[in-house]
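Inspection log for the structure reproduced underneath, given as structure tokens.
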Amino acid sequence: HIRQLYALVSETLRYSPVLEKLLAGAALLQAEKKLPPQLAKVLVYDLLFGKGLKCGGRWKALARRHRARLEAELARLKVQQKVSRNEDLLAPVQAASPGASQVPRYIRVNTLKTCVDDVIDFFKRQGYSYLGTAANVEELRALSGKKFLLDLHLPELLVFPPQTDFHDNLLYTSGHIILQDKASCLPAFLLNPAAGSHVIDACAAPGNKTSHLAAILKNKGQIFAFDVDTKRLATMNTMLMRAGVTGFQLAQQDFLTVDPRDPKYSKVTYILLDPSCSGSGNVRGSIRPTRSRVWACGPQVMAALPAGMVNRLPREEAAPSAERLQALAGFQRKVLSHALSFPALQRLVYSTCSLHREENEDVVHAVLQEWGSAFRCAGLGGRRGDALQGSALTLVPRHRLVNAFPSWPCRGLAAFPRAECCLRASPADTLTHGFFVAVLERCEEGAAALSSLPAAAENPQHGEGTAPGTAPKKRKRKKQRVK
């Protein structure tokens, strides 16, 4: 029950300050000197806030011995803070921030196995009401009950009310749909590699973005995905196989040690780089495992961070220390610069789930200055076909920032000229996790920009050209049908 375990750990982290007060007030750690503090938090959370300790053995017996004292301390804490609900014990910054309860449930249709029309029909047969394509974010915000929409920006993304659970749904267990936040879909969508391309996913685990890249490539081409953890690679391999992904190579290797001049990567023209970060953009109830994301890129960043900083970042740590941000940003600059050194590279997407300028605009600006005029920062349009139209196809001077994707409401902070080409996402403005995306493209002098762009405009995706608020036009079903 990996999902249940992850939820238990995430909620324990969310309630960590409250649990520390309960442990101190009840003097539990003083009474049980062999009980590890972190385990104590998990036990107390499950005892008081969770499902009542379904574990067995001595830890369950230990926690129950102190149950009366812990419950009394919880009641005293509520009286002291003048609240009646457990949720109200959380810090004001947590309670005020748009949390997981307000962010819709996004599901990405896995076009390697099915198509959007068939998935819509499947949910209709399960009693859901399809409302067509969303016209704006407010329509997503208003979703309730068993109603769902096609997203207004991403053509293979369906949107359901918050907390809708599909983990036991046939489409999920069979790999026909991927549970993935909308903001997390942006990097692969904006990288938009042409079918047949060679692509690197530099910090790949757990694999959602890798599977998205494969769907865009239509399983035609080659994906090189890197992670240094054997168990994470095994889990990722299982996920990719379930999703029907072929043409990929998983490498147990630190991306910083990959040689850009290796003939194996001589045809790599696209790189997706989503390195470890502070995780400050994650909404409450969905905490990103910072340690594992660090290891996905490699141990070099582990050595760069101060002791203890590579553990999971709880939601309540809204403002990580300057020392932590400096260490992370230094690593992010290093890995971004390394990625840009691949000789055939034409386009790179850099993304984080951080809200901090130090990890986002400042990193992009520093690396662009380092590389001079070889690359520019580019924004791509809303629907994938739109991304290939307009100013992005014109002749441009070296190192020009292209302002595209104008329908996206959140832009980069004004940290350097034309930083608004970068994209940001937030629970309040886009109803997603907090996210940052920048698209970098090589500019050859005297050559047309984006000369190697895929022909997505000639092959429009589902929903392109559909009037907002109406159901997309049916297309011929070529994928296997889910009954």
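Along the chain as shown, residues are numbered 1 onward.
Heads up, the Cβ atoms here are built off N, Cα and C, so glycines get one too.
The stretch that TrEMBL tags with coiled coil, taken from the ranges 60-87, 256-283, is 60-87.
Taking CA atoms as the reference points, K209 (S-adenosyl-L-methionine binding site) and C353 (active site, nucleophile) are 13 Å apart.
Residues belonging to the domain 'SAM-dependent MTase RsmB/NOP-type' (95-443) score a mean pLDDT of 83 in the model.
Taking CA atoms as the reference points, C353 (active site, nucleophile) and D254 (S-adenosyl-L-methionine binding site) are 21 Å apart. Taking Cβ pairs closer than 8 Å, the coiled coil (60-87) reaches residues 18, 21-22, 25-26, 28, 31-32, 35, 43-44, 47-49, 53, 95 in its own chain, all 6 or more past its ends.
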